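Working notes for the structure below.
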């Protein structure tokens, strides 16, 4: 009963603390055996098979772990229980291997009752062999490697508090020479559980030191192993000092000697020599019309770096001279900074020769002397331009039986001839279509139905063939003309009427203003008679008469006496001489009204436009009596005032 209880307590401790701290790693460790990762029963050989070591399975972190335990401390007599592993293949590995044991041991003082035998140690053995010997277990052939003692043992109190301790022991095995070996564990009275067993050997890991590469090297069984290094790419040994390092038995690199130097044109970056890449390889292209696709292979030498980019150079050639391509040549996605090994080129001119070159770059390009990194240029001869899709339609004119449509002509910077094919049909009648061929980017469709929607498709045609049709465009003819005035005509008529009314009002306003000017001058009263029946000559034309007095008398006969009023009396009707002739002042004077100083009132003292006469010659000329100017001057009548102020004296 006590023995069973001990096994249960031991199992509980293993369950709680079977997975703890890993061993310290020195160098690189290569496992030959690791039971902690086993997926099934280990199948080791216990001796004797009936008692002693037994295999068990425990769940640790959700993973089944297979292990062995032995707790025969209460049995009578000597305890000598052995457990042998399966054959461990070493092959050509290092002659020095390491055995790592993880185990628990119970404190002998924690057992109650009489204890016949109890220990807290067990022994580790090994045996070399060229092949697996199966179930043969020859104890005398095993060599003792070490007596393993627990640094920490657990008691009942540890089990209750959950403070079970896990021990780790590492035992080296040196100078192995055969292809494989066995391990064996001898228990002479301890309560022990073997949680895991790991067998491994150490190597000095692959490393780059001082621009020299040192490969992974098996650690020796004793002392230091000298390992020569190889200079990294673009580096060379320093004269008389080749690179070397030493690998220790613990897998550590020690005592570096010698060094390497970067070649000319390269620099040391992060332990390697870097420089510009070599030229891209195998530049190829495909050409469809004026659209070009370029692709190439990466350079064989990246210069020791990964930041590789490409730049594409374009030149337009005429005879033997080449110039950079025009801005109209477009690279997709770009002409520089490319990370992929391809690019598309558009906007080339038909019937033109081009060259394209590809150059590789990295982060140190241009920092020093660099090898050739530009691929040989490829020669591209562009022929006919490929047709493009027509777009941007404009309805320029329409009526009830025709439609005029234009569209944007494709941008052709070359001499490629472009024609157009127009397909149109009534909407919903696609099977009944009409096709027209044109040389210009416009069309007029005639003999159409009024107030009808038509669908239009257009495509361009070059010597390479027709391009794709454009998207369908929808246009509608006008309704039939019914004779009614259109909105534009009605607006024009209204505008004309308003303009006429404005002109008429302007004329009336101007005439009224003229009438006001006439009313500002002295007016004669015409009350009591019909004003329209009165007609007076403003002057007397005496030129046709030999005797001026006769002409005046005839003028007087035309006056209606009833319409004449007297305002002033000028003289007494005397004859006065003017320059040798006589003029009856009675002709010029109005009827007198009162005595005293009178003013001569001539038939007219101003022109027809109401402006007063400025001089006697002007007045006489207006009444066609210019020939009497000298007579007036001889009489001392030089101004109009002198004429108008004539008195009876």
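Just so you know, glycine gets a Cβ as well, placed from its N, Cα and C.
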Candidate ranges 457-483, 484-510, 511-537, 538-564; TrEMBL annotation transmembrane segment resolves to 484-510
When pLDDT is averaged across the domain 'Fibronectin type-III' (386-480), the result is 83
Residues in the domain 'Fibronectin type-III' (386-480) per DSSP class, helix first, strand next, coil last, are 0 helix, 47 strand, 48 coil
Residue counts for the domain 'Fibronectin type-III' (276-383) under DSSP, helix then strand then coil, are 0 helix, 54 strand, 54 coil
